[in-house]
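Here is what Swiss-Prot says about this protein:
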- 775-785: compositional bias 'Low complexity' (COMPBIAS)
- 775-811: region 'Disordered' (REGION)
- 81-119: repeat 'HEAT 1' (REPEAT)
- 122-160: repeat 'HEAT 2' (REPEAT)
- 240-278: repeat 'HEAT 3' (REPEAT)
- 334-372: repeat 'HEAT 4' (REPEAT)
- 375-412: repeat 'HEAT 5' (REPEAT)
- 431-469: repeat 'HEAT 6' (REPEAT)
- 472-510: repeat 'HEAT 7' (REPEAT)
Amino acid sequence: MDNLLVRGLTHKLYDKRKATAYELERVVKGYLENDETEKIRAVISQLANDFVYSPARGPNATFGGLIGLAAVAIALGPKIDSYMESILLPVLYCFNDSDSKIRYYACESMYNIGKVAKGEVFRYFNLIFDVLCKLFADTEITVKNGAELLDRLIKDIVMQQAATYMSSAEDIKNFKEGPVSSSIQDVPVMSTEQPRMHTFSLSELVPLLSERLYVINPNTRMFLVSWIRLLDSIPDLEFISYLPFLLDGLMNYLSDPNESIRIVTSNCLYDFLREIQKIAKVKYHILQRDEESEPDFFDSMVRRNMSDAELKEISDYVESSLRDGSFILEAHIQIDYKRILEIIIDHLGSSVPLIQEKALKWLFEFIYIAPKDVLLQIPKVLENLLPLMSNDENMRQSAKDLSQNLVILVSKIMDIEFSGSETNNKDNSLSVDFRSLIEVLQKLLSNDNEETRLCALEWVLLLQRRTGGKLINMHDPIFQTLLLQLSDPSDLVVSRTLELLAHIAISHKSVNLVPFLKSLLQMFAEDRKFLNSRGNLIIRQLCNYIEGERVYTSFAGILETEENLELASIMVEVLNNNLFTAPELYDLRKKLKQSAPKLQNIFTTLYTAWCHNSIAVFSLCLLSQNYEHAANLLSVFAEIEFNIDMLIQLDKLVQLIESPVFTYMRLQLLEPEKYPYLHKALYGILMLLPQSSAFRTLRDRLQCSSTPRTNTILANERLPRSRRDDPYWTDLLERLKAVQLSHQNNYREPIRATRLALAGALPSTPTATTISTTTSASGITTTASNSRDSFITRLPPTAALSTGARKKPKQ
């Protein structure tokens with residue numbers, strides 16, 4: 001350039017620089033007409049090196065260089081492709097300048113270059129796009145305005161030419177984009193993208209776009225979302241194939257504090273989902289119309305989520321395209337559903353409600369779009385899904401609906417797997433990782449939220465049922481976790497846990513039932529509060545899920561040989577109370593009342609265990625209408641020491657006699673000639689009771705049924721003794737005596753040990769005898785010395801009373 005042009009371009013006035021640029025444009029056009037390419041390159045080089053890159057020059061020189069480069073580009077017109085690199089790079093360099101005016105003029109220059117170059121900008125698209133990202137975050141309003149203008153131009157070029165433009169330039173084959181790099185590795189070039197040389201390439205843009213998505217600036221975020229929506233709106237680009245690289249960043253935008261960003265991102269994700277659904281529906285329709293291919297269960301899932309109107313719309317679209325010979329783009333697009341699902345599942349565990357809501361929606365739809373991929377991800381899905389049960393009502397309901405749909409899907413695949421039917425022949429690799437699934441559900445059983453624990457139990461129960469009880473046994477870690485769940489504060493959780501444990505216990509020909517009940521008994525032994533708070537509920541629910549007779553006879557077999565006599569007595573008391581009151585045990589009570597020989601084994605089995613609790617045995621005899629044996633038990637009662645617990649049990653028995661369960665027995669009191677031993681047994685209980693409310697209740701009942709005729713029968717007629725010497729009943733009575741003797745010895749052992757310990761501590765030759773005077777609760781004054789005989793006063797009150805009761809009182 002001559003000195004006149006140089007001075008004009010570096011002038012401080014914009015109008016002077018603009019006029020000089022017009023002159024420069026005229027000069028370059030002359031060079032172009034004369035094919036003087038070297039002079040053109042010299043002008044471009046001078047503008048770049050002497051005006052833009054030179055640090056000695058002031059800002060006016062840079063302004064002149066930028067407007068000069070734009071003038072050269074305009075002069076070159078369609079032939080700019082050979083000079084594109086040398087013109088564009090100096091302009092891009094200016095976008096990093098600290099002077100906002102230079103950045104603005106760079107926008108203006110790039111705009112003019114873009115208007116001329118059009119599709120040629122695709123060769124440097126990543127560089128331009130990266131610059132635009134930074135410009136939208138610029139704090140200077142004029143720069144942002146210039147960036148928006150440039151952005152609109154580039155978008156127009158992309159819309160018009162991105163899918164079709166092919167560059168004719170040959171001088172940049174070895175050009176490498178240095179300033180911009182990406183940390184995203186191994187981005188594949190989709191097979192559906194036609195090879196384009198030096199033109200718009202998604203495989204080069206997407207890594208940069210994916211990386212920039214993690215910026216914080218709201219303006220840049222809006223810019224990025226707008227570009228994503230634009231690229232997706234160009235059908236031939238098949239942009240949807242690259243969604244896995246962008247989805248994570250987009251989902252994060254749903255937590256942006258700026259509402260407008262959340263809205264535009266939500267709409268963008270909605271469009272992506274609709275597009276994926278359409279692709280799946282088109283592929284299903286094409287597969288369905290193919291006579292050689294028959295859609296299987298999974299292929300047909302997409303149809304289940306289509307209305308008749310949608311089905312007709314898709315059918316019309318496919319059929320019309322085939323008639324016209326049009327290319328059906330949706331049929332050829334490949335989408336990585338697995339990677340999309342992984343991202344969605346990760347975001348399901350987000351703490352942001354909008355992200356959770358969007359993830360739920362996508363997962364719900366993917367059950368129909370890609371059921372096989374969902375099945376393979378089931379453990380991770382449930383790990384993040386079930387904790388959502390603790391959220392608000394709407395979120396909880398959405399999570400429940402999704403869980404229910406997953407239940408249907410898993411149930412179907414389990415039916416297929418365990419029946420060995422059609423679908424497995426098509427895809428032998430399809431299988432649910434049950435072990436991983438059980439491990440996840442085991443962790444969820446410890447979740448703080450009740451709904452989550454319940455849902456986890458429902459899932460385990462489903463899996464156990466669908467596998468025919470083969471999935472879980474007593475040796476699996478989850479079994480111990482389930483036992484611990486029995487102490488859950490929620491009755492619903494306990495009930496569901498018992499249903500599952502019952503299913504495990506009765507599977508494999510019930511070989512697990514007795515070990516399970518032993519484990520349960522061990523828990524009761526270790527935690528008495530657990531027995532008191534949950535014992536009745538557990539027993540009743542077990543009898544609801546397993547036949548009551550099996551539960552009780554199995555418990556009886558265990559308790560018969562139980563070495564912990566105190567535990568055995570308490571457990572028999574709990575079992576006995578439920579036997580009389582639980583609706584779940586109605587059938588067992590009915591069987592015990594019958595006198596059929598084949599049902600006698602039930603009574604015998606229970607009796608041998610019930611011997612650990614004498615009052616329970618007596619109750620069992622009344623329930624089974626073995627009144628003679630009940631009357632004979634009174635002789636055993638006379639030999640054992642009654643304590644406060646036994647008196648409380650007698651009080652409860654009287655209450656039971658007044659309850660509906662003993663209606664039949666109360667009516668039998670009206671037939672003393674037929675049931676004489678019933679009167680004797682009840683009168684015996686009356687004599688054992690202290691004069692309390694229970695005593696008066698039973699006395700009144702007996703008086704109501706007592707008539708002169710009854711008294712005559714009981715006084716004068718000899719009671720039948722046909723069964724007294726029967727070996728069967730004799731053995732049962734002896735069994736009771738032996739067990740009760742063991743209990744008495746077990747009760748006295750601590751007292752005896754204390755006596756011996758204290759006796760050993762006394763001096764062998766006492767030096768003095770201390771006499772103490774005490775007053776008993778009855779007001780009787782007694783004296784006791786410090787000799788061994790005085791330890792009788794340290795026995796429990798009931799023991800002392802029973803000892804004295806057997807002594808003949810002085811006259």
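Cβ atoms here come from the backbone N, Cα and C positions, even for glycine.
The repeat 'HEAT 3' (240-278) and the repeat 'HEAT 1' (81-119) are not in contact, since fewer than 3 Cβ pairs between them lie under 8 Å (pairs 6 or more apart in sequence).
Counting same-chain residues at least six beyond the ends of the repeat 'HEAT 1' (81-119), those with a Cβ under 8 angstroms from any Cβ of the stretch are 37, 40-41, 44-45, 47-48, 52-53, 59, 62-63, 65-67, 69-70, 72-74, 127-128, 131, 134-135, 138, 140, 142-143, 146-147, 149-150, 153-154, 157, 160-161, 165, 167-169, 171-172, 175, 179, 199-200. Mapped onto DSSP classes, the repeat 'HEAT 2' (122-160) shows 34 helix, 0 strand, 5 coil. The predicted model assigns the repeat 'HEAT 4' (334-372) a mean pLDDT of 94.
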